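Engineer: Sharing a structure here in structure tokens format.
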Protein chains: 2
Amino acid sequence: MINEELIRHLKAARGQFVSGEELSRLLGVSRTAIWKHIEELRQAGYRVEAVRRAGYRLVAAPDRLYPVELQDGLATKRFGREAVYFDAIASTQNEAHRRAEAGAPEGLVVIADVQTGGRGRLGRSWHSPPETGIWMSLVLRPDVPLPRVPQLTLVAAVSLADTLAACTGLSVGIKWPNDLLAGGRKVCGILTELAAEADRVHYVILGIGLNVNQTEEDFPPELRARAGSLAMAAGRSFSRVALAQRMLEGLEADYDDYLQKGFAPFKRRWEARAVSLGQRVVARTPGGDFVGIARGIDDDGALLLEQANGALRKIYSADLDL
Amino acid sequence: MINEELIRHLKAARGQFVSGEELSRLLGVSRTAIWKHIEELRQAGYRVEAVRRAGYRLVAAPDRLYPVELQDGLATKRFGREAVYFDAIASTQNEAHRRAEAGAPEGLVVIADVQTGGRGRLGRSWHSPPETGIWMSLVLRPDVPLPRVPQLTLVAAVSLADTLAACTGLSVGIKWPNDLLAGGRKVCGILTELAAEADRVHYVILGIGLNVNQTEEDFPPELRARAGSLAMAAGRSFSRVALAQRMLEGLEADYDDYLQKGFAPFKRRWEARAVSLGQRVVARTPGGDFVGIARGIDDDGALLLEQANGALRKIYSADLDL
């Protein structure tokens, strides 16, 4: 457990020393307790210099998605203002479901450094090793009809693609429905889950898995041909904290826009980033494989596939081979 | 706990006596245990005659929705073939969610004689007193795209309306989206809830609350103007077990039809039973009240409301005042 108040006081000193006596007074605990808290910060990855008579000085914060770091410089009103962090958890998605059921507000994020049972679309697993990625689940409570929920996945994909392109300089494409590609490989997956009644959405959990700083060796061999990271595509590493902040800011702005203005502008933005439009693709669906030219998406979020006979088939659930 | 095997043996005798010795042999327990089980059956509402030397004879089974009763004469393949019963539970819906999450198969029904926290649409409560109604939640695992799920509510409404009309001789109407009316009052509500990801439905829980044998006094005063029962509308009481069986049979047949043939035939059947079509209605939605002529439903299950300016507005979530 890190003492967030202590971190905030050390940060407020902007690299200057704060005496143990003052920290003791500010936190209302003994100087021995301060020393103990400083040790805990070091365990958590903070570099803190301690100098007799001068006190303590924060040299560097770790690039870990602790709420106190995520929220330091986060320019959102709701998204991420409540955040819970786990060094390791089975699945941030499951934890977010539990909290949403229990009444968690819109904007809560659940983040973990490692997921031991990370989940992807269609019941698949998601590889979530430590110290390298952003594994994050966001609670939404959109007042939209159930048939519109798949649009949220596409809105999120567009929003994240724009943010990642802006933060990294990479060309980021979208493969239907919501895989983000950079350097020809999948770097980000989005899992949208929901609980609803037929005429009311109770909540949506937007799960985001972003590979940030992995090297090729960090991926299991069977994933290497298709999976990559931002670092692999860009040839440099990125701050996970800064990326998560920009992602949440972009998502909040785009989500609010979507609720106010509807799907049309996002449909255009989505189609502009889509890597498959106009191309021949194979859609592998539960009901069989369909071959055709990807022509766009419709208001259900379905992919419009032009088949050999010219007919447009709506694809709701599939894996796409490009 | 009732001994279902004992009930089946007594029923197999078709009103004749079965000796305690034979029952003891059939169940592989002592005659004292048989005597104890018979007492339990009586506690559970079974009328069993015991005659020295002759043995035991089932005089009448109670009209209670025990699985052994529900399944005796139930002509379905899946719906109700697994059933769990509670004398009292907070909400059959919540229990069905828990079981569906844990992998319960399609067709499982959860039934209670009393619900202490019965739920209706849009977070409302559902009055569920003992011995009078059918409070039942059915687990479905339909392979349909998320935007089609609201259709399931309408399919269920049509199916139940047809079954109830056939079983009671009453004229049964549907008020959008899924209230069933008889004798001018609401007699049945349907609550469709689901867990899904954007491109895959995990499960749907179809909750059915049917007022069967209530008298007017069984309803709280604030409900009396709008709520009624089949018995109030028909002037006679009905067997809850027989109704539940016919409902499950109808639902299974219609559900399978819907999955094979799609929504079009059900849309027509729904519109034929709708009480509001062509009439001026007020749709009270979260976004305000809308007045217009109810013209029909669309493939999203939305109500098409013709407003004063002639424009059609799609209503996804509302209470309708006729």
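Keep in mind that glycine also has a Cβ here, set from the backbone N, Cα and C atoms.
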Engineer: Which of these ranges is annotated DNA-binding region in TrEMBL: B:20-39, B:260-279, B:280-299?
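Structural biologist: From TrEMBL, the annotated DNA-binding region range turns out to be B:20-39.
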Engineer: So if the criterion is CB under 8 Å to a CB of chain A, which of the binding-site residues B:Gln115, B:Arg119, B:Gly120, B:Lys186 qualify?
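Structural biologist: Cβ contacts with chain A under 8 Å: none.
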Engineer: Judged by the number of other CB atoms within 10 angstroms, which among B:Arg119, B:Arg121, B:Lys186 is the least packed of the binding-site residues?
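Structural biologist: Each of the binding-site residues B:Arg119, B:Arg121, B:Lys186 was scored by Cβ atoms within 10 Å; lowest is B:Lys186.
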Engineer: Could you check the binding-site residues B:Gln115, B:Gly120 and say which one's CB has the most other CB atoms within 10 Å?
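Structural biologist: Per the Cβ count, the most surrounded site is B:Gln115.
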Engineer: Taking the DNA-binding region (B:20-39) alone, what is its mean pLDDT?
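Structural biologist: The answer is 95, the mean pLDDT of the model over that range.
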